[in-house]
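**Q** Take a look at the following structure, please.
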Amino acid sequence: MMTYQEIFNEIKNKAYFKNHRHVLIAVSGGVDSMNLLHFLYLFQDKLKIRIGIAHVNHKQRSESDSEEAYLKCWAKKHDIPIYVSNFEGIFSEKAARDWRYAFFKSIMLKNNYSALVTAHHSDDQAETILMRLIRGSRLRHLSGIKSVQPFANGQLIRPFLTFSKKDLPEIFHFEDSSNRELSFLRNRVRNNYLPLLKQENPRFIQGLNQLALENSLLFQAFKELTNHITTTDLTEFNEQSKSIQYFLLQDYLEGFPDLDLKKSQFTQLLQIIQTAKQGYYYLKKDYYIFIDKFSFKITKIVPKTELVKEEKMLEYDSNLCYRDYYFSFMPKSNEDQGQVSIPLFSLSSIKLRSRQSGDYISFGHFSKKIRRLFIDEKFTIAERQNAIIGEQDEQIIFVLIGNKTYLRKACKHDIMLAKLYIDKLEKG
């Protein structure tokens, strides 16, 4: 068992709170979180932080309300702000966890806390690794939980992660009787499986934590060795061996945490990319992948309502920015080869929008569907997605796509009244 001073001496050089002034502590009332609360309360001046308490009453035990009342009383006595939420809905481990972290996130955002602090320790880490092994998780997910990671508008910090449960001091806390219920996998791991495995190897927990560390280092090394590869570039991707492609795609999917593909879905996705057949392929949870001649990209599907909202109206003699372009009725003073000018035969407002089904543009003696124009000119899917349609008086007067502009052919008796000028915005 360690004292709080000894714990402080070990973590002070890790500078967990260097960039934080207001931190929110997740407190259940159990021994771990009560230790965290007392520790941060005692050392908040040395750490240069101010603390707040977040507590979720899961309403699953008769003692829950008295535990909530105790924490409110403690917070009032020590002049610490406290935020409480009551769980609603059908209870499960996952539902409760999702509720807690959604609540913590909302409190951080509303009250300007830049860090959430939880009391996870090395025993929790070992339990998590063993649970993931039992569930058949990917190798990547055996890296365990991190001491610091992004969360909400700031970070999630676990300062006790390098300490074991037996390192924490004895302190007043509440015993959660549900921690003994074997209907929950974590409780079976904690109360049944780990004790048996520790009989075979007393250092089994340390072994699991070392596995998590080495696994984390392995994937960090892979990232560093492949950071010169543009994963979404089909030429570069297909130049790699099958094994490297496998982990490059896993790395790329880390950017879409809510996509959560099953192993069979991942294998199917990898095969789609390897064959590089152009088109759209729907995945799940409103995500799809589209592949063109040169690259692939995973994107969340934009609802039709959002596409409608994306439309903008440009009034004569005004200006606006739309997507990556600046639209105005005044030319630049200097000669700019990059500026596009469009003759206007009407001064009515111009609608800027995306392509819609059935769109066509008149080229004088003939008209052409814009969909067919895109196909014939061999524009990539990404370029088609970003094309801008200019519509005036219910006619399409221009199409802006890639580095090209297509104009409606003027009629014989049209008189030019003005010009519209388009400039590509520089990305800083």
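Start at 1 and count along the chain as shown; that gives each residue its number.
Note that Cβ sites are derived from N, Cα and C of the backbone, with glycine treated the same way.
Copied straight from Swiss-Prot:
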BINDING   Ser28, Gly29, Gly30, Val31, Asp32, Ser33  ATP binding site
**Q** According to DSSP, does Val31 (ATP binding site) fall in a helix, a strand, or coil?
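**A** Note: Val31 (ATP binding site) is helical by DSSP.
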**Q** Look at each of the binding-site residues, Ser28, Gly29, Gly30, Val31, Ser33, and point out the one with the fewest other Cβ atoms around it within 10 Å.
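**A** Ranked by other Cβ atoms within 10 Å, the binding-site residues Ser28, Gly29, Gly30, Val31, Ser33 bottom out at Gly30.
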**Q** Whose Cβ lies within 8 Å of the mean position of the Cβ atoms of Ser28, Gly29, Gly30, Val31, Asp32, Ser33, the ATP site, other than those residues?
**A** Val27, Met34, Asn35, Ala119, His173, Phe174, Asp176
**Q** With every protein chain in view, how many other Cβ atoms are within 10 Å of the Cβ of Asp32 (ATP binding site)?
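**A** Counting Cβ neighbours of Asp32 (ATP binding site) within 10 Å gives 20.
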